[in-house]
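Q: Would you mind keeping the following structure in view while I ask a few things?
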Amino acid sequence: MSQSVESRTRIKSERYESGVIPYAKMGYWDADYVIKETDVLALFRITPQPGVDPIEASAAIAGESSTATWTVVWTDLLTACDLYRAKAYRVDPVPNVADQYFAYIAYDIDLFEEGSIANLTASIIGNVFGFKAVKALRLEDMRMPVAYLKTFQGPATGLIVERERMDKFGRPFLGATVKPKLGLSGKNYGRVVYEGLKGGLDFLKDDENINSQPFMRWKERFLYSMEGVNKASAAAGEIKGHYLNVTAATMEDMYERAEFSKEVGSIICMIDLVIGYTAIQTMAIWARKHDMILHLHRAGNSTYSRQKNHGMNFRVICKWMRMAGVDHIHAGTVVGKLEGDPLMIKGFYNTLLESETDINLPQGLFFAQNWASLRKVVPVASGGIHAGQMHQLLDYLGDDVVLQFGGGTIGHPDGIQAGATANRVALESMVMARNEGRNYVAEGPQILRDAAKTCGPLQTALDLWKDISFNYTSTDTADFVETPTANI
């Protein structure tokens with residue numbers, strides 16, 4: 001009894017003094033906090049303003065992303081305030097960087113509505129990124145408790161079911177984005193789809209910004225694209241698909257387009273990240289109900305994920321999108337034209353594909369994560385890749401990926417079908433070499449040259465793009481190892 005009185009007295013004297021007191025003193029810092037299995041954990045990279053103690057800055061982030069405001073409020077006493085306060089429990093300096101710190105924060109599960117990415121993000125990234133106490137702030141990683149994950153649907157279809165529907169096993173999926181992304185008529189667009197699929201690709205896809213413009217309305221695109229899919233499937237004797245982008249201005253429009261895509265026989269539809277978390281979850285629920293694969297283009301992500309000191313690491317987006325329920329997400333190529341450190345991208349892929357992940361600091365995984373049996377998301381590698389890189393792509397990314405060669409198919413001098421054939425032959429020759437036990441990474445260029453002896457389109461592709469690489473040092477690399485972007 002005496003301890004209870006003493007505890008209440010301490011809380012009242014330290015936590016509920018009127019006016020403005022430090023966040024750490026208000027209880028948002030607790031170095032002795034014992035993490036619960038049901039806690040949501042977040043890791044922030046903080047850059048405090050000059051003169052701001054990193055512990056106080058961490059406590060401020062914990063407070064402002066949970067229950068605090070700038071001054072003490074007596075209405076906290078009407079809540080289970082000790083439970084609901086987020087707790088910053090650990091602060092580490094960032095290796096080899098001055099004035100940056102990793103702040104570990106724990107949130108009670110009851111702070112979040114079940115099954116809502118929108119509610120989760122309203123707290124975790126809602127106000128704190130504009131907080132004056134920090135010069136910059138970045139959300140690096142999160143751990144979701146199993147109890148919380150069980151309130152989410154997860155991927156509508158998942159990798160295993162997609163492979164069964166497509167009847168494609170033992171190799172990556174092959175795809176391409178229609179180019180140019182804007183300006184084609186419906187008939188010409190459908191011709192591109194047909195040529196690419198007939199040449200050997202599994203998928204063609206719309207790009208992120210093709211919706212329903214004056215040069216080609218959405219229904220026209222859907223009809224001509226599916227005509228191409230059906231003709232190519234019949235000619236090749238394989239199951240083929242085209243990602244029909246149903247992104248639109250309103251949910252009503254997206255529903256209409258998605259339902260029409262189903263009516264005309266598509267097995268997959270597509271949305272953009274920019275439609276927002278609630279719309280993404282809504283379309284994922286629709287996709288599962290209608291047995292459709294749901295592809296997500298990460299349009300817009302680099303506006304907040306690329307810079308190392310402020311914004312949000314893409315691995316967090318990967319986690320949220322697996323919870324939200326998409327089946328595909330663009331997650332980097334390593335060797336292509338877009339940002340992508342090898343270790344960082346490996347961390348993204350593991351986040352999307354593994355049932356459990358352990359702490360792996362070189363890959364940027366700060367927490368162990370049990371995915372509570374949520375289905376796997378298929379990563380998509382797209383942007384500046386070509387047949388001559390096939391050994392690198394297979395080595396870095398493995399089998400469970402969609403390799404999308406847009407320009408690397410449609411830019412082929414002998415035509416779209418030839419470009420698709422070059423990519424299919426390159427992939428199958430590399431997979432065969434791997435399955436035979438050869439060192440396909442070291443022997444990759446020779447394996448491709450040998451395959452090209454009986455495949456003219458592949459020889460043309462190798463000659464055309466042999467000197468093309470995008471070997472820049474990534475802006476976002478692991479803090480615990482030096483890993484320049486590799487393009488051998």
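Cβ from N, Cα, C; glycine included.
Per Swiss-Prot, the feature substrate binding site maps to Asn127, Thr177, Lys181, Arg298, His330, Ser382. Taken from Swiss-Prot, the feature active site, proton acceptor applies to Lys179, His297. Per Swiss-Prot, the feature N6-carboxylysine maps to Lys205; the stated evidence is similarity to another entry. Taken from Swiss-Prot, the feature Mg(2+) binding site covers Lys205, Asp207, Glu208. Among the features that Swiss-Prot reports, site 'Transition state stabilizer' is placed at Lys337.
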Q: When you tally the Cβ atoms that lie within 10 Å of each candidate's Cβ, which of the recorded positions (Lys181, His297, Arg298, His330) has the highest tally?
A: His297
Q: Sequence gap of 6 or more, C-beta under 8 Å: which same-chain residues meet both conditions with respect to Glu208 (Mg(2+) binding site)?
A: Lys181, Asn245, Thr247, Asp272, His297, Ala299
Q: Return the residues near the residue listed as 'N6-carboxylysine' by Cβ distance under 8 Å, restricted to its own chain and a separation of at least 6 in sequence.
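A: Listed in sequence order: Gly175, Ala176, Thr177, Val178, His242, Tyr243, Asn245, Met270, His295, Gln404.
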Q: Give me the sequence-ordered set of same-chain residues, not including Lys205, Asp207, Glu208, with a C-beta within 8 angstroms of the centroid of the Mg(2+) site's C-beta atoms.
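A: Counting only non-site residues, the set is Thr177, Val178, Lys181, Asp206, Asn209, Ile210, Tyr243, Asn245, Met270, His297.
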Q: Please give me the CB contact count at 10 A for Asn127 (substrate binding site), counting all chains in the structure.
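A: Asn127 (substrate binding site): 12 neighbouring Cβ atoms within 10 Å.
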Q: Do me a favour and check the Cα-Cα span between His330 (substrate binding site) and Asp207 (Mg(2+) binding site); whole Å is fine.
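A: With the alpha carbons as reference points, the distance is 12 Å.
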Q: Rounded to a whole number, how many Å is the Cα of Asn127 (substrate binding site) away from the Cα of Asp207 (Mg(2+) binding site)?
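A: Asn127 (substrate binding site) to Asp207 (Mg(2+) binding site), Cα-Cα distance: 32 Å.
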Q: Widest Cα span across the substrate binders Asn127, Thr177, Lys181, Arg298, His330, Ser382, in Å?
A: 37
Q: Just counting, how many other CB atoms are there within 10 A of the CB of Asp207 (Mg(2+) binding site)?
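A: If we count other Cβ atoms within 10 Å of Asp207 (Mg(2+) binding site), we arrive at 19.
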Q: What is the total of other Cβ atoms whose distance to the Cβ of Lys179 (active site, proton acceptor) is within 10 Å?
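A: Its Cβ shell of radius 10 Å holds 16 other Cβ atoms.
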Q: If I take the alpha carbons of Lys179 (active site, proton acceptor) and Asp207 (Mg(2+) binding site), what is the distance between them in whole Å?
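A: Answer for this pair: 8 Å between alpha carbons.
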